[in-house]
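Everything on this sheet refers to the single structure shown next.
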Amino acid sequence: MQLSRDEFSSLMTSFPDIGERFAVAVSGGADSLALCLLAAIWAKDTGRHLVALSVDHGLRTASRQECNGLHETLTAKGIEHHILTWVGEKPTSGIQAAAREARYQLMSRWCLENQIEDLMVAHHQDDQAETFLLRLARGSGVDGLGAMKAITQYGEIRLLRPLLDIPKSRLISTLETMGQDWVEDPSNQNEDFDRVKIRKNMALFQDLGLTSERLVQTAHAMQRAGDALQRMTRNWLKQYAHLFEEGYCIIERTGLDGLEDEIRLRSLARIGMVISGEIYPPRLERLQRLSMSLKKGSDATLMGCRWIVRKDDILVCREVRHFDVPDNLYQIDYPHSFSGLKLRILGQEGWKQLLKERKSVDDLNIPKPVIYTLVSFWDEEGVLAVPHLGYQRVGSEFEAQLTFIAKKRLLS
């Protein structure tokens, strides 16, 4: 049975604060194309503007032609459509995961650059069931087995999933009713991928009573358990983890005494992700090693962060390994009349330059390990400005404003 205009409109009541302009990820496959066409109707009915985004991964020779064909289809229907291209070297293993991450990065960056906060994606009920089985096979914990949520945050962009309770068969029926063709990605038949193997064996699971509906029910139960643990984690972080605008965190060691392992691991992962800009937590084994090191009073590194154990607290700051500043850490405002500037962390080289003008660090209320990690602006002469130190080169009129936007993710 097709998904009707009214039923889709009812699904969209779960997103009352969606923006006047929003984006939809569309590959040309049945799921995303059905979502795009239904969302376009809903957007017109509600006075909104939809932008369709597609990614050419460059992994198949026919991919560009398919994207161009999709562009013709959507523009003929009055839908604004943009093709984004994944350029650069492609991995030889973990292709699906890498392509998915590249896809989200490209689309979220486009949304940010075009003042769009909401990106709609076509995950449906069958996807939920397949993901549950995949993660069960990989030994995932509560969070991994939890159902996908209708709204999640990807950096500064919201991912919206209105079709989570809709089976794929209804999306196909919707396109058939519309008389709309779609493209089948050959990789969806490639049994080298675990998801494809599970999809092709779903009938066996259903014979055992493990229907998509039943699997999704269990995933929702795990999600509720995960939400409870997240609330406990947030409460602990509010009390014992203190973030600073310079991009570091101080953890009160007394808060770790007697703390349940699950809450400890979740808290450490969240802190590391906020400080480093990482989107995903590290593997459980690495997180457990970090926790054990800190319990013993030993310094450690993880997620591109230094974890420095001090008498009463633990200092967490970025490692001075990579000079680039992750896009999702700071909102940066500065006069665009200053062209050719490079944004990077200060590092030892930059700090030495500053010491020529500033002989002492005693008056700085910033831990010394943090100083090298501070965001700085460089030109052809070297360091131009370090906003968190209140420094700008003598004679320069350059001023910049940094806002530590990653800070809000600690309790999200």
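Yeah, the Cβs are placed from backbone N, Cα and C, and that goes for glycine too.
So that you can see what the record holds, here are the features copied from TrEMBL:
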- 22-201: domain 'tRNA(Ile)-lysidine/2-thiocytidine synthase N-terminal' (DOMAIN)
- S27, G28, G29, A30, D31, S32: ATP binding site (BINDING)
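Recorded features from TrEMBL, shown on the structure.
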residue	record	CB count, 10 Å
S27	ATP binding site	22
G28	ATP binding site	21
G29	ATP binding site	17
A30	ATP binding site	23
D31	ATP binding site	22
S32	ATP binding site	23
Per DSSP, three-state class assigned to D31 (ATP binding site): helix
Averaged over the domain 'tRNA(Ile)-lysidine/2-thiocytidine synthase N-terminal' (22-201), what pLDDT does the predicted model reach? 91
